[in-house]
Amino acid sequence: MSGASEVPSFRWTQSLRRGLSHFTTSAKGDVLRDAKSLVDGLDFNQVSQVQRVMRKDKRSDDDLSKLRDLNRSVDSLMVMKNKQNNVSLKIGSLSKDELMDLATDLEKLKRKINLGDRQGPGVYQGNLTSAQLEKRSEILKSLGFQPRANQNGVVKVWDIKNPKLLINQFGSIPALTIACMSVQGAEQMNDVVQGLTSLGLLYTVKYPNLDDLDKLSKDHPCLEFITKEESANNISGYNLSLSAAVKAGACLVDGGNMLETILVKPDNFQDIVKSLLVVKRQEKMFVNEKPGLRNPYENILYKLCLSGEGWPYIGSRSQIVGRAWENTTVDLSKEVVYGPSAPVKNGGNMRLSPLSDTQEAVIKEAIGKLDMDETIWIDIEGPPNDPVELAIYQPSTGNYIHCFRVPHDEKGFKNGSKYSHGILLRDIENARSGLLSRILMRLPQKVVFTCQGSDDIQKLLQMNGRPDIATIDMSFSSEQARFFEGVVWEKFGHLCTRHNGVVLSRKKKGGNSGEPHCALLDCIIFQAAFEGQVTGQIPKPLLPNSLIFKDEPRVAM
């Protein structure tokens with residue numbers, strides 16, 4: 001990370017934790033499972049050999065082969081790994097300005113890293129430029145000192161034919177750190193976990209330093225195995241450095257919204273990038289093109305964009321090919337894409353949508369059955385930045401589009417379930433990823449939605465790249481809006497099968513407020529309030545359950 005004189009490093013880290021808290025997970029169980037797998041399956045004689053290699057003043061192609069072979073073994077034993085899922089981002093959920101901002105930062109990051117990697121034959125310069133290395137050498141000579149290798153984080157050792165083979169072979173992995181401390185330190189894994197957890201708890205309020213490590217080591221002797229040498233760029237994952245230990249500790253802390261526990265999936269990648277850019281603007285974060293360690297924003301930007309799927313901070317990434325700016329690209333050539341994407345050629349970037357061409361065609365056909373000249377209601381459940389249900393309903397025909405989405409913020413979801421929609425997570429855990437956003441992206445530009453309360457709907461449309469869609473807010477009072485609620489539930493309640501939780505009243509402690517809020521039935525209820533009567537038109541779904549939910553069981557009649 002950059003020095004405190006350049007950026008308010010820890011403040012940035014805290015801001016990123018808050019801004020990306022919806023995407024953090026409880027990773028402790030997964031980390032310990034992989035650590036046990038490594039303890040049982042890894043050849044620690046090979047680990048010792050690689051550790052010796054990393055202490056050598058000059059390393060050869062044979063040494064690199066040992067490192068890469070061991071990295072492959074580690075990767076094969078782990079569940080927490082990053083997958084090669086190259087992404088091409090287009091205007092949609094991310095606006096043109098956001099994409100340009102992202103592209104600019106990736107280009108700056110590329111220049112920063114390439115400048116730091118610039119080297120003569122067989123020399124890796126680490127954190128210093130050639131001019132800085134020469135100046136340092138002159139100063140040392142003038143003071144009567146002989147320059148020593150491995151000082152100030154500089155590694156000038158890789159005398160190899162193909163430097164590209166070094167890419168993604170470094171970086172610590174918490175499961176590996178725990179396994180090495182347990183086996184090579186002859187410590188009980190539980191003791192190692194306790195020691196690292198203390199380090200992780202300290203990390204929630206400050207960056208732990210060597211003084212902190214010394215003090216914690218008195219209560220946790222296992223921490224004495226952590227090296228006191230300053231961490232450098234491209235340090236091996238087998239080095240028991242302070243930064244590696246802190247990262248491992250962060251994964252073991254329950255809560256704290258630690259960035260290390262972020263899990264990237266194809267359906268939340270754009271959401272994470274969007275949230276990252278929001279925090280960046282709020283804190284005025286930037287990419288510093290000067291060679292050196294990455295600041296918190298540079299660090300998370302690189303890690304997120306490297307693979308597009310997996311655990312960017314703590315998963316194995318040694319099998320990922322390419323750099324962040326190669327694996328995540330920005331395409332500003334088109335506005336909103338309504339039709340199915342073109343097939344991907346071999347070696348090309350994958351499209352971001354998790355849906356197949358056939359599924360995209362079903363969505364397109366369903367939307368085509370809505371009459372854009374007639375009233376169309378829209379309603380959601382959950383906040384606009386994390387919706388769990390979407391309904392689009394046309395009263396004149398009874399046609400409707402209805403889908404669900406697994407939330408990122410489970411705590412907020414449970415609160416919404418308790419006091420509003422009554423959806424249970426188990427009832428929507430197999431909801432199709434990416435469906436809700438693709439429906440919104442495929443809507444034609446001329447559509448005008450009718451709704452009860454437009455603020456959340458407009459935010460939803462804005463966040464999904466559809467600020468062009470207009471809304472009409474009926475602005476009923478609460479009593480007016482829900483006048484026909486009981487009748488509609490009696491007549492059409494069979495359509496609502498995913499709202500099975502008990503809903504409590506916020507006004508009356510312990511009281512039940514009656515029926516949960518279902519986005520589809522709410523559309524019908526609001527239309528009844530507008531017409532003064534409940535419709536006789538039978539609602540007809542436009543999307544099959546097999547698309548709305550993955551592995552939806554088929555019942556033979």
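Glycine is treated like the rest: Cβ placed from N, Cα and C.
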Identity of the Mn(2+)-site residue among Asp214, Asp219, Asp522 (reference: Asp379, Glu381, source: Swiss-Prot): Asp522
Given Swiss-Prot lists Glu389, Cys496, His499 for Zn(2+), the same-site residue among Cys518, Cys523: Cys518
Recorded positions: Glu381, Asp456 - member with fewest neighbouring CB atoms within 10 Å: Asp456
Additional residues surrounding Mn(2+), by Cβ distance to the Asp379, Glu381, Asp522 centre under 8 Å: Ile380, Glu389, Ala391, His421, His517, Cys518, Ala519, Leu520, Leu521, Cys523
Output field, Zn(2+) shell: CB within 8 Å of site CB centroid, site Glu389, Cys496, His499, Cys518 dropped: Glu381, His421, Gly422, Ile423, Thr497, Arg498, Pro516, His517, Ala519, Leu520, Leu521
Which recorded positions sit within 10 Å of Asp379 (Mn(2+) binding site) - Cα, from Asp456, Cys496, His499: Asp456
Distance from Glu381 (Mn(2+) binding site) back to Glu389 (Zn(2+) binding site), taken between C-alpha atoms, in Å: 5
